[in-house]
Structures are given as C-alpha cells and as structure tokens.
Amino acid sequence: MRLTHVLSHTLGLLALGATAEAFSRSREAACSPKKPFRPLPTSSSRDKTCHVRSHGDGSDDSDYILSALHQCNHGGKVVFDEDKEYIIGTALNMTFLKNIDLEVLGTILFTNDTDYWQANSFKQGFQNATTFFQLGGEDVNMYGGGTINGNGQVWYDLYAEDDLILRPILMGIIGLNGGTIGPLKLRYSPQYYHFVANSSNVLFDGIDISGYSKSDNEAKNTDGWDTYRSNNIVIQNSVINNGDDCVSFKPNSTNILVQNLHCNGSHGISVGSLGQYKDEVDIVENVYVYNISMFNASDMARIKVWPGTPSALSADLQGGGGSGSVKNITYDTALIDNVDWAIEITQCYGQKNTTLCNEYPSSLTISDVHIKNFRGTTSGSEDPYVGTIVCSSPDTCSDIYTSNINVTSPDGTNDFVCDNVDESLLSVNCTATSD
C-alpha cells in the first residue's frame, strides 16, 4: 500500500479526532458534530467496583469474569486491571447485564482452540456469523482503552485451507439497549470486529481496529462493524485498518449515524449486501455517513444488492431473490486516496452475468440516496472510470442524487458507468453502461 502525503496529513488529523474524550454518561453530548436520529439515553451512575481476578498463567479466566459481572451487575463497574492479561477460552453469554460498566485497562485474549470455538461460539442466524461472546442487556458500557485480541492468525491460516469453517466475531453486541463501547483497541479478529444485532441506542466512540495477517494467508471478512436488525446506532471517532467493509449496514438497520472515521485497506462503507435470502424482506433506511477518510480501498460509498436470481459470490456466500428497500441514505464529505471506486451502487451483487441480472431484476428497491462532497484520487484500477451506478431495472431505482463529486483517476479522468438510473439527477460524467 502506498502512503501519500495526503494520507500522512489525514492520519495526523485523525489521530486527534479518533481519541474519544473521557467516558461520559451523556451519550447524546458525546456525539459530534452530527447528532443521532433519535436521542440516546443517559447512563446511570455506578456505586461499586469489582476487579476481575486473573490466573496469570495462561489458564481460562472466564469464571472469574462471570463472577465479577454477577457481583457488580445492577449499578457497578467491573475493572480489567492494567498490565494484566485475561484469557477467555469459554463462550460467554453476557446478555443478562444491566446498569454496569466494563472498564478494560489491560488485555483480553481469546484462546486459539479452533475446534472448541467452532463448536461453541454463538450462532447468530445471519450468513455464517458466530461470536466469541454475547454482550447485551440494558445500559452497558465497555471502555478503558485496553486491548481485546481475537488471536486471529490461526483462523486466517485455517480459513485458507477450508473456507467453510465458522470463524468467531470478536465483539458480539447482541440485544443491547443503551450502551457506550469505547475507547478500546481491537486486534486480530478471526472475522468481523463487531456484529451489532437486535440492539438499539448504542454509541461506539474511539475504537482502534487493526490486525493484518502475518502469513501469506489474508485476514478476510474482517469488517469493522456489521449492524443487523438494529436501530439508532452511532459509530464515530475511530481508526480502522482492516481487509473488508469498514462499516456495513446489514438487513433491517435503521437510524444509523457514522462520522469521523479513517478507514484504510477496506471495502468501503457499505449498505448491504441485501436481498440475499429468498422470501425475506430487508430494509435499510435513515443512514447518515459524514466526514470519512478512505484510503487503499476498493470503495468509498457502496450499496450492494443481490439480483432476483440465485447467484454465488463464493462457496460460502451465495444468495439472491430477496425483497425490501434501501431508503434515505446520505454520504456527506469524504476524502479518498487509492480507492478503486469512489461510488459503487449495484443491484447485481454476486452475479457477473449482466444480461441474466437484467432478466431477473432485483425485488429490492433503492431510493432517496444522496452522495455529496467527495474529493480525492482513485487507484486507477478501473480507469477511466471512478464510479459505477448500476441498477437492474429503471423501476427499482429512483431519486439517486450526486453533487460536488471532485474525484479523478491518476490520469485525470472522471468517468462513471451508469445503467437504469436517472442521469439528470447525477452531477457525474456518465459515459458508459455496464453492457
């Protein structure tokens, strides 16, 4: 990956912006500059403290962790002490929590027992998502600036041998209503870094994500965040170095604010993929993405929808035929460098045969999309094109707007591929179709 002066300058700015202020009980006040779609509840005060014990010899500390959580639940704070390492070798269901803080000052490390985790991690019922733990309940905060390490290298190597293995997600936020996550350092997740499911009113603030493979086997599917069946989520002030979506809004994600992120090496900030499962209805609406720097990536703004016919992106990712809608999506203010597509909208996800895709157009509509205030330079890999907006039918896309898109290829071109979309609403230079 090339490091430009633009990237260096932006990283310097992001280093200041991505460090969350001291933990605040007022989640609403912590959100800046944009405010969430709906007010976030304030966290109640805590009146007792429990310190988690550690064996200190590499043994599983899960029982100590559960003991502290039960002891300080309903109004306390659980502390993972600085300069201590806590080993987790047991799948932990922590969805019983209420009015509790987890202050992570030290390091939490998951074991590399791949057989155990494949058999015992929590199956989340979407794609192949499984999680090391489930953190949920009401008014739960996890912060402190410490490190959570997923021991991912063994998983990267194993996945290269068998792409059907179940790789755990590092942070399973499942059924949480009211919470603040961060600041934290997340390292070497086997798969996604966050899976946020059936949750609401959660703020992620000051998350530092990194974890590249140390072998020839890539760290794949390491999304920064995937939201699923969740509402009123804020993700802000974070730095993400990964190998897949920086943030992905999965089915039935609503009222999501993402702001002040630096994403490096990713697949962009993505709506979807959606419409993967036949006879299921997927909805993503009311999403605002603001002030993003995106470097060394495949995309910046991305909307990916499966067509109306079965398709296969890979052996472990197949689908098509679902219905639903994408509505009221805004991408506002982005700086890009070495990104393949500044904008990529497709209703043919997983289907390389455009003719077949058009014969079986997606049943999932895209409308009321606003993309504005982009600047920077693409990678040139799609030269002369810098973006693509391809719908499977003019009946399935409407009210897609772009404005102030100042993005060029390294050769100075700024062409777009446009299909089945109202070009009069686009400020970009549509010069080709996907045929």
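Using the three backbone atoms N, Cα and C, a Cβ is placed for every residue, glycine included.
Since we're looking at a predicted model, the values are computed, not measured.
What Swiss-Prot lists as compositional bias 'Basic and acidic residues' is 45-55. Long-range contacts of the compositional bias 'Basic and acidic residues' (45-55) within the same chain: residues 25, 61, 64-65, 67-68, 71-72, 75-81, 84-87, 99-101, each at least 6 residues beyond the stretch ends and with a Cβ under 8 Å from a Cβ of the stretch.
The secondary structure of Cys263 (disulfide bond), as reduced to three states from DSSP, is extended strand. Of all Cβ atoms in the shown protein chains, 29 besides its own fall within 10 Å of the Cβ of Cys263 (disulfide bond). The disulfide bond annotation in Swiss-Prot covers Cys246-Cys263 (among others) and is backed by similarity to another entry.
Counting every protein chain shown, the number of other Cβ atoms lying within 10 Å of the Cβ of Cys397 (disulfide bond) is 26. Swiss-Prot lists Cys391-Cys397 (among others) with the feature disulfide bond.
The region 'Disordered' annotation in Swiss-Prot covers 31-55.
Per Swiss-Prot, the feature repeat 'PbH1 1' maps to 199-229. Long-range contacts of the repeat 'PbH1 1' (199-229) within the same chain: residues 18-20, 27, 30-31, 38, 40-41, 124, 126, 129, 136, 145, 150, 152-153, 156-157, 159-160, 167, 173-189, 191-193, 235-253, 256, 263, 265-266, each at least 6 residues beyond the stretch ends and with a Cβ under 8 Å from a Cβ of the stretch.
Outside the repeat 'PbH1 2' (230-251) by six or more residues, the chain places 14-15, 17-20, 27, 31-32, 36-38, 40, 126, 182, 192-193, 196-212, 218-224, 257-274, 280, 282-284, 287, 289, 292, 294, 297, 302, 324 with a CB less than 8 A from a CB of the stretch. Summarising the annotation, Swiss-Prot assigns repeat 'PbH1 2' to 230-251.
Residues or ranges marked as repeat 'PbH1 3' in Swiss-Prot: 253-273.
Per Swiss-Prot, repeat 'PbH1 4' is recorded for 326-347. Per-residue confidence over the repeat 'PbH1 4' (326-347) averages out at a pLDDT of 98.
The repeat 'PbH1 5' annotation in Swiss-Prot covers 361-409.
Here Swiss-Prot flags 1-22 as signal peptide.
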Residues near Cys246 (disulfide bond) by Cβ (under 8 Å) yet at least 6 apart in sequence within the same chain, in sequence order, are Asp223, Gly224, Trp225, Ile240, Leu261, Cys263, Ser266, His267, Gly268, Ile269, Ile292, Met294, Ala297
Students should find that the Cβ of Cys391 (disulfide bond) has, within 10 Å, a number of other Cβ atoms equal to 28
Simplified DSSP label at Cys246 (disulfide bond) comes out coil
